[in-house]
2 protein chains.
Amino acid sequence: MDISAFGEFELIARLTAGLAVPASGDIGVGDDCALLDLGRGDLLLATCDSQVEGVHFTLQSSPLEHIGRKTLAINLSDIAAMGGTPRYALVSLLLPPRLSIEALDGIYAGLRAQAQRFDTAIVGGNISSTGGSPQLVIDITLLGTVERGHALLRSGAHAGDLICVTGSLGDSAAGLQTFLRPAANVSPQDLQALRERHTSPEPRVREGQLLGSLEGGKVTAMLDISDGLSGDLTHLCERSGCGARVDLASIPLSSPLLRVARSLQHDPLDWALHGGEDYELLFTLRPSALDEVRSALQQQCATPLTVIGEIQPLTSGLTLSYPDGHSEPLHPHSWDHLKKENKV
Amino acid sequence: MDISAFGEFELIARLTAGLAVPASGDIGVGDDCALLDLGRGDLLLATCDSQVEGVHFTLQSSPLEHIGRKTLAINLSDIAAMGGTPRYALVSLLLPPRLSIEALDGIYAGLRAQAQRFDTAIVGGNISSTGGSPQLVIDITLLGTVERGHALLRSGAHAGDLICVTGSLGDSAAGLQTFLRPAANVSPQDLQALRERHTSPEPRVREGQLLGSLEGGKVTAMLDISDGLSGDLTHLCERSGCGARVDLASIPLSSPLLRVARSLQHDPLDWALHGGEDYELLFTLRPSALDEVRSALQQQCATPLTVIGEIQPLTSGLTLSYPDGHSEPLHPHSWDHLKKENKV
């Protein structure tokens, strides 16, 4: 049977089933990053993610520097999602023979600039030929650190916690759509804003560090939104053993998103709920900490926090609450990276 | 200009030129592993290497379990080459849609068994589609630790040190050749022994740990032989700022290698000097420590140590000394992973 019959999460479950349990002290595997205890000092965070030409980007649509920038950004976002500090990157390149040296230089310039912005040292890597296949692949492993007791996992949410997000949702999915379908009556500024959120997402590193540094268990769980809000909230609830209610009217939508949705006659909330690659932080908060956390994010990072719902008991399931008061089950409709057909 | 006009080492130099110097305390980049100081406790080792279908293996020639085993082995060998202990692996897979689930299971079984043998926990990873391209890629990042003051770098060799290798050289290159050219009058046992050294090399992890654990600077420099003895000895000499004399007659050759060389009418020393992927350790030793180190390797690992020459002053260059007493310059003739045309 071909692997194309399997989904990404099925395959991951199959490959990781029965893996040797890490030695005691290794306190988290299967979160946004592995959380590893080397015995003394800070804990180590490790994550890896790749970008594949023709699957995640094309050289025609993405500015070269954005390709390098984004490949690091998606890994930076995983470190941010644990409340950690990025430290070291290893870059593995799979190079097709017909790639131009100028394209490689451009991609690497974006990668290096992004690394510098976030105080991350590129300390190793590997170059291999594709052996004739035309696709460029960039695979990055990122290492970070987090103070003991300050890593934010997916598993700490409790009923009554507020569900919060940074920034606005759906812009990346909308940006992707503008590459695929012509959007009439859309300003170049709106087009550029949304496309940049897709080709060069901004990892919420400083926001993650701030949320991780808070004392007293104010933030109870966190991950980044890479698969889409509905899918990632499901991940959080599964790991925390709880349900959730999302208030549809409270989901933060940007003005460019609303205008492009109108042009493309698409429901903007569909992008916000199910579109992938936002790389915003999704976290749960004790209600008493809301004012303090909101103002810290605003003052130190100029980043808005929006409360989009509340964690519920497990028995309540995941629901979407409409402005008129009725509710419907919220089904995850996540991006499956193996079945992704959309290409930019 | 296409990147096919560049060699692997040229490209690496181009991409790493001008990278931000790591913060102080990060004491080694550009060795077999990056050597990183997280502030307290052991130092961290990080390395990554990949295996690409059609470049490094084919599903037809390599047993499935060997493919997984080798991909981890080549990374384990890099940790071994620093005297370190492997700890954690992250596995990034690029999966072509037509790959059978049975093939993936077989590869992963080899990977997991290898990880277990060397007490390495698989703590993370990533799965991505190739988007139609038919080539499977396995990319592993391996993290290890090494006690402060005990990491063995490429840069510590001095004139007068003995040049030593573990095991025997050239078997992997000979094994590769038997896939490409029919070898008459070769026993199935010889064929299997050499091919296994190519498809499932044995990383010298325990030997590396032993050499790293010695006190008093007995081992002065080390790396693993992945590019071929001539190329890797050149790397060591460049980093140590020295020359070297290799005594041709002392190079350890296995009996299967000698028999297959006769069958294929190939100079066995060509494979031993320039063939890649031996994954033996190449290290330099203070002469006074030879007996102690040789017997420790023999007793604790049952691994032979062979002295193959002596480190010389930089001005002497790299030379190959023949049994009749004359010498010739030893030119590196390394495996270039980007230009590798041989496929198994």
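Backbone N, Cα and C atoms are what each Cβ position is placed from, and that goes for glycine too.
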Candidate sharing the Mg(2+) 4 site with A:ASP32, A:ASP78 (per TrEMBL), from A:THR16, A:THR47, A:THR71: A:THR47
Cβ within 8 Å of the mean position of the Cβ atoms of A:ASP32, A:ASP78, A:ASP224: remaining residues of the chain near Mg(2+) 3: A:ASP31, A:CYS33, A:THR47, A:SER77, A:ILE79, A:ALA80, A:ALA81, A:MET82, A:LEU223, A:SER226
Residues from A:ASP78, A:ARG154, A:ASP224, A:SER226, A:ASP227, A:GLU277 facing chain B - binding-site residues, CB under 8 A: none
Nearest-integer angstrom distance between the alpha carbons (Cα) of A:THR47 (Mg(2+) 4 binding site) and A:TYR108 (ATP binding site): 20
Cα proximity to A:ASP32 (Mg(2+) 3 binding site), best match among binding-site residues A:GLY125, A:ASP227, A:GLU277: A:ASP227
Nearest recorded site to A:GLY125 (ATP binding site) by CA-CA distance, among binding-site residues A:ASP49, A:HIS56, A:ASP224, A:ASP227, A:GLU277: A:ASP49
Mean of pLDDT values spanning the domain 'PurM-like C-terminal' (A:159-312): 96
Tally of DSSP helical, extended and coil residues in the domain 'PurM-like N-terminal' (A:30-146): 34 helix, 46 strand, 37 coil
From A:ASP49, A:HIS56, A:GLU277, the binding-site residues whose CA lies within 10 Å of that of A:ASP224 (Mg(2+) 3 binding site): A:GLU277
Nearest of the binding-site residues (A:HIS56, A:ASP78, A:GLU277) to A:TYR108 (ATP binding site), judged by Cα-Cα distance: A:HIS56
